[in-house]
């Protein structure tokens, strides 16, 4: 692996707003009477979240699909790219750790539901009943009814993505990640996307630049962008803060 020096960090934060109900599956409530067949994922304290791994994995998969950067394993499975040298591998890391040539750039935090005042997480849940139809009879197949727990449309999650900066060219890697976020807005997050689940929008987005001098005690070296409502506005905000990092 190339020996690179950390120049700073760029933090991307904002809100993920659900435009349709979303289901990211959790552990089945097998011991609960009346528990749903397919609950949404929660942490150990019962809080509803979008796992960072789900957000990161979806954005990576969309970028790989767009660029044709995936491999077939001979058994009909399509695996993540792992050359270790392209933009996608630099951002997310290669699939095979033996091919790591540079430090992985991105950290994607878990995104937690942000309830409004006087509301609890469970106020943002709904049960959607789905069924499987007999193609000849036009009726529900026996055993074909299932209950899906969803986080309701309009729910908001606070997200944070951290980019470790080593080179001046890492600016292009941040732009590449933002490209993946744009693809996600026109795709879906979680399961059952073809049934209309998981349409999302990124809102209230801003960038925070913390050069290495910030971590050495110079708090005034931190720069923040304006908060924007669209990913299309984010690239110009990146240009404004990028000068805060010293690459000499």
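Just so you know, glycine gets a Cβ as well, placed from its N, Cα and C.
Sequence annotations record features per position, and here Swiss-Prot assigns Zn(2+) binding site to 81, 83, 89. Under the DSSP three-state reduction, residue 81 (Zn(2+) binding site) is assigned to coil, being neither helix nor strand.
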Comparing local Cβ density (other Cβ atoms within 10 Å) for the binding-site residues 83, 89 points to 89
For residue 89 (Zn(2+) binding site), the three-state class that DSSP assigns = helix
